Amino acid sequence: MTDMTVRIGGLTLASPVMPASGTFAEGLARVMDLDRLGALVTKTITRELRDGNPLPRVAEVPGGMLNAIGIPSKGVPCFLRDSLPFYQRWRPPLVVSISAPTAEGFAALAAEISVPGVTAIEANISCPNIEEDGKAFAMQAGSAAAVMRRLRAATSLPLWAKLTPNTGDMAAVALACEDEGADALVVANTILAMSIDLQTFKPRLGNIMGGLSGPAVKPIVLRQVYQCARAVRIPVIGCGGISTALDAAEYMLAGATAVQVGTATFLQPEAMTQVIDGLAQFCAARGIGHVAELTGALKREDTHEADLAWAAPAP
Amino acid sequence: MRDEAGPQPSMGLRGHSAFQPSAVAEKALIISHEAVNGEYRHMRLACNAVAAGAAPGQFFQLLCPAPPGEAPFLRRPMSVYGADPATGTVEFLYKVTGAGTRGLAMLGVGDQLDILGPLGQGFTLDPAWRHIVAVGRGAGLATLAPLARAARAQGIGVTAILSARRPELVVSEAQFRAQGAEVLAVTESDGTSSPAYVERQLRALTAAGRCDAFFTCGSARLLRLQQDLAREFGLPGQVALEQQMACGLGICFCCVRDFQVEGRTLHKRVCWDGPVFDLLEAVA
C-alpha cells in the first residue's frame, strides 16, 4: 500500500490532495466523504461584508471556465459561528483562506481567525491591493513581502501564500514570501482573462474580466510550479487544471508537494477522491512506496539556462 | 442561508466506509428518449435509489455530451420531470435551446448520461391544504408536473393552468390529468394566455375556496400576478426559479438572485437555497 502522507511545513497531511479555495463548501459533504481529503480549504473570507460581482459570474470557454464571483463574504463572526463548527466534524485539518484590501487588514483578519479548529491560513494575496492602485499583492515581490511580513507577525499558525499567475517574475515573488516566513506556497490562483459574446457584443462576465481555470491552464501553471519549486525550499502546493491523478502526478514531478483540485469538482464532485485513489495506484504500479517520492522527481538533462533563449522573444 | 446539517462524518475504524451521499454522480442508462412535440423531448433513465428518490422541484446537473463543433464545459441544471423509487427511474423533459441540450438530443436509448442529483430544495406541501393551484408556462410546466402526483398522495386537489404559445406546446397536461387534476390550457393562439384572463381564473378559484396555495414556474408575469393575489388574499405560494449555474452544490455563488426578505434585498443561491422559493420573497 502506498504511503500517501505528505509534509507541508510542520503539518503532516494524510493525502496530498485538497480542494482549491472557492471550489469547496458545505454542500460538497452531501456528495463526497470529506474525511478522505488531505485538508479542507475554505472559500476566501474577508472582514468586510461583500455581495460579490454583478452577474453573469461565470462563462464557459474551451477547456475551462472564467469566473468573477467577487468573493461574497458574510464576515468573520458568521464564519466563526457557522462554518468553523461545521468543518470540525471532519478529521482533515482546516485551512482558512483570507483576503483583505490592505496588508494591515490581512494581519488583523489573520489574528482574528487564529483560533482553535483552524490549522493553517492560506493568504489569498492574489487579490487587489488598494494601496498599490489595485494591483494584486502577489504581482510584485515588494508588496508580497510587505503583506507576508505583517501576516507573519500576526499569527503563529502555518501560513500559506496563494500566488497569482498574473506576474512576470513568479520566482521572485515566491522567494519574497519564503523570506518573510511563509510555510508554503500555493501556485496558483486563476489567470486573468476575458470573453466576449459575439451575439450581443457584450463581455460574457458582469465584471468584464475574470479568472480562467480548468484543464486549459494546466501547462502554464505546471511551468510556474516548476519555477517556484526550484526557487524556494518551502513546499509548493500545485493548483491549476488538475482533474485526474495523472495531472496531479505531473505537478508533483514538477516540484509540488501537494495539489489542490478546483474546477474539476464542479464537473465531477468526486474528482478529489478519484485523484487520491489514482495517485496511490500510479505509485503502486511503479514500485513507489511513498507518494512524496514523486515531488521534484522530474528527470531532466542538465540544460544551460542560455539554451532557453529560443523561448524568449528575439531582441 | 439555511443551517445545513449534512451527513454525519464517518467514525468507524475503516474511515470512509460509513459515508452516505445524499446526491450521487452516476452514468445512468437511457431507457427511453423521444420528441413529444416540435420543441420538447422526454428522456427517461434507469438510475440509483438516491436519484430515483428525487422530490418535485429538485434538479439534476447533467454532464451533456458535446454536439459537433461545440463543447459544453460545465454541467447543465435540469429540473426533475418525474422520479419513481419503485421503478428506479428519473425523467427529464427539455427543450433544445443551447449546446447542452443539443448534446442531450443526440443521445439514444441504451446510451449513458452522467447525472448528478437530486439537488436543491423542492416544493413542500402542507397536509392542511385541500386544493392548490399550479400555474406555469413553457419549460416551467415540466418542473410543475411532478407536483400532481405528490399532491394527490397527500389528498390535495390540484388545478393546473398551463400556458404556452400554441396548444401542441402545452406539456405536462397528461401528468396532471392522470392524477385527477383539473387542467386549463391557455395559449397565445387561442388568445387565452393573457395575465388578465389568467387573473380572472385565479380569482374565481380563490373565491370558490379552491386555492390554498400558489405554485408557479416559467413566467415572470405570471409570478407577479400570483404575488399580487397572494398578498391580496393572504395566501402562501412557492416559485421554482432558474439561473445559470456552475457547481449546483452551493459552492460557487454564480447562481445568486435577489430576494426580498423582511424588507431587505439579499442574495440567495438558486442551486442551494432553492430552486424552489417562497413566492413572496422572489423578485420577479
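Here the Cβ of each residue, glycine as well, is placed from N, Cα and C on the backbone.
In the predicted model, residues of the domain 'Dihydroorotate dehydrogenase catalytic' (A:5-281) average a pLDDT of 96. If you look up TrEMBL, you'll see A:5-281 marked as domain 'Dihydroorotate dehydrogenase catalytic'.
Just so you know, the Cβ of A:Thr44 (FMN binding site) picks up 23 other Cβ atoms within 10 Å once every protein chain is counted. Marked as FMN binding site by TrEMBL: A:Ser21, A:Lys43, A:Thr44, A:Asn124, A:Lys162, A:Gly214, A:Gly240, A:Gly241, A:Gly262, A:Thr263.
As annotated by TrEMBL, substrate binding site applies to A:Lys43, A:Asn67, A:Ala68, A:Ile69, A:Gly70, A:Ile71, A:Asn124, A:Asn189, A:Thr190. When secondary structure is read from DSSP and collapsed to three states, A:Thr190 (substrate binding site) falls in the coil class.
Every protein chain considered, the tally of other Cβ atoms within 10 Å of the Cβ of A:Cys127 (active site, nucleophile) stands at 22. Among the features that TrEMBL reports, active site, nucleophile is placed at A:Cys127.
The Cβ of A:Gly240 (FMN binding site) has 31 other Cβ atoms within 10 Å, all protein chains considered.
Nearest in space to A:Asn124 (substrate binding site), taking C-alpha to C-alpha distance over the binding-site residues A:Ser21, A:Thr44, A:Lys162, A:Gly240, A:Gly262, is A:Lys162. Using a 10 Å Cα-Cα cut-off from A:Lys43 (substrate binding site), none of the recorded positions among A:Cys127, A:Lys162, A:Gly240 qualify.
Same-chain residues at least 6 positions away in sequence with a Cβ under 8 Å from that of A:Ser21 (FMN binding site) are, in sequence order, A:Val41, A:Thr42, A:Lys43, A:Thr44, A:Ser97, A:Glu122, A:Asn124, A:Lys162, A:Gln260. A:Gly70 (substrate binding site) sits 19 Å from A:Gly240 (FMN binding site), counting Cα to Cα.
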